[in-house]
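Copied from TrEMBL, the annotated features are:
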type     : residues                                                      : note
ACT_SITE : Cys116                                                        : active site, proton donor
BINDING  : Lys22, Asn23                                                  : phosphoenolpyruvate binding site
BINDING  : Arg92, Arg121, Pro122, Ile123, Asp124, Gln125, Asp304, Val326 : UDP-N-acetyl-alpha-D-glucosamine binding site
DOMAIN   : 7-403                                                         : domain 'Enolpyruvate transferase'
MOD_RES  : Cys116                                                        : 2-(S-cysteinyl)pyruvic acid O-phosphothioketal
Amino acid sequence: MEKLMITGGRPLQGTVSISGAKNSAIALIPATILADSEVVLDNLPLLSDVAVFADILEELGAKVTREGSQMRIDPTQIKSIPMPNGSVKKLRASYYMMGALLGKFKEATIGLPGGCNFEPRPIDQHIKGFEALGATVTNEHGSIHLYAKELRGAKIYLDVSSVGATINIMLAASRAKGSTIIENAAKEPEIIDVATLLNSMGAVIKGAGTETIRIEGVSELHGCRHSIIPDRIQAGTYMIAAAATRGDVVIDNVIPKHMEAMTAKLLEMGVRIEELDESIRVIGCSNYEAVDVKALVYPGFPTDLQSPMTSLLTQADGVSVLSDFVYSSRFKHVPELVRMGAKIRVEGRSAIIEGSRLNAAKVKATDLRAGAALVIAGLTVEEGITEVSGVEFIDRGYDFLVENFRRLGADIWRETE
Ligand SMILES: CC(=O)N[C@H]1[C@@H](OP(=O)(O)OP(=O)(O)OC[C@H]2O[C@@H](n3ccc(=O)[nH]c3=O)[C@H](O)[C@@H]2O)O[C@H](CO)[C@@H](O)[C@@H]1O
Ligand SMILES: C=C(OP(=O)(O)O)C(=O)O
């Protein structure tokens, strides 16, 4: 096990380049199962979740070769073997194996997903979608078994606009007979990315990025080459870190449109922002206004940036209220920040944050974004060494985190626990 050691108090300066989006990558890799020839994915992030997914596909019989940020996947030998345990338990997005295998083989057995369990994360909307397409879904000893004699297009209204359910239904419906309409679909940019890949593979998907997605099923899908969109959550994390350390950082290889909710909040706090075509410059200052933030589905403020934002709001003057309307109790970072001297209390789905100076402490990341929040908090501390354990969670979503922060002037390093 490793931990991160941070001597903070240095304003971050320079340029950081953002890699491909985790939440796209881990949907695109299983999507390639549906193809009947090689798919090449470019701009892949070097994350533990991506490595685990490559292992899962290899276990099923795919040939996976990786060179830097490119992955070539030859799915021609894949079989739908039951995967009740093992790698699928290591990550949340293993649920995409259900949609992909059901679409291709009409049958799958997959263990319930693992990943960051900051609160119960049901998959009832995924199941509802598969059943609407004609599958029988049973839960046997913690594994989901799916079977369909034939998949038929259907109209599916999602009770919550779930990212995972929207993508999973797109995967299965791409190979169903007839038309599927998803209403109240999630609109996150990663959904457009998955639809773009599937369409390049020969699928017929319209409306991705809106609340109504139409899918005309096709009988086969072929290989293609696809470049993954930049990771808006990594980008937002570095924007927050730049502001929190009162630094001056250019965040490169981003789509500024994807960052609007983040940018708007930073501007409201008094942070200076300069936008170019594919980069955003964040210039911090000595005093920030307290603001209220509501984490919502896209294009609202992302729940995945809620924890890092909590750390920044400890640096504002006055009281901020940060509410999460996607995950009501995603506050495992709060007790750890309190150990660092933060004045935060949680009331219902909100964190009430009073500006305060943070001090060095030994803290523990219990999920990915809680980890990012603790690193940002550590970067603001002027005396002593902050120790963040639970690095394996952080490695799920941030490649080259230490290298990137060091290049920006931070004093941060890994140590074995
Ligand atoms: C791999 C991936 O892309 N992960 C992201 C994805 O997770 P994930 O796809 O798991 O999140 P969802 O969009 O499905 O969840 C949104 C909300 O819907 C609820 N819900 C979801 C599905 C369901 O069947 N029933 C149900 O009630 C959840 O409990 C949550 O309150 O979107 C989340 C919300 O933007 C992000 O935090 C995650 O980083
Ligand atoms: C919660 C997250 O990811 P996952 O859904 O993969 O656990 C995240 O990226 O913040």
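Note: Cβ is positioned from N, Cα and C throughout, glycine not excepted.
Across the fold, the C-alpha of Ile123 (UDP-N-acetyl-alpha-D-glucosamine binding site) and the C-alpha of the residue listed as 'active site, proton donor' stand 14 Å from each other. Among the binding-site residues listed (Arg121, Pro122, Asp124), none has a CB atom closer than 6 Å to any atom of ligand 2. Comparing Cβ neighbour counts within 10 Å across the binding-site residues Asp124, Asp304, the minimum falls on Asp124. Here the binding-site residues are Asn23, Gln125, and the one with the most other Cβ atoms within 10 Å of its Cβ is Asn23. According to DSSP, Lys22 (phosphoenolpyruvate binding site) is assigned to a helical segment.
Across the structure, Val326 (UDP-N-acetyl-alpha-D-glucosamine binding site) and Asn23 (phosphoenolpyruvate binding site) place their CA atoms 16 angstrom apart. Sorted by the number of other CB atoms within 10 A, the binding-site residues Arg92, Arg121 start with Arg121, the lowest.
Cys116 (active site, proton donor) is 13 Å away from Pro122 (UDP-N-acetyl-alpha-D-glucosamine binding site) when you measure Cα to Cα. Screening the binding-site residues Lys22, Pro122, Ile123, Asp124, Asp304, Val326 for a C-beta under 6 A from any atom of ligand 1 leaves Pro122, Ile123, Asp124, Asp304, Val326. Asp124 (UDP-N-acetyl-alpha-D-glucosamine binding site) falls within a helix when secondary structure is assigned with DSSP.
If you draw a 10 Å sphere around the CB of Lys22 (phosphoenolpyruvate binding site), it holds 26 other CB atoms from the protein chains shown. If you compare Cα positions, Cys116 (active site, proton donor) sits closest to Arg92 out of the binding-site residues Lys22, Arg92, Asp124, Gln125, Asp304.
With respect to their backbone Cα atoms, Lys22 (phosphoenolpyruvate binding site) and Asp124 (UDP-N-acetyl-alpha-D-glucosamine binding site) stand 23 Å from each other.
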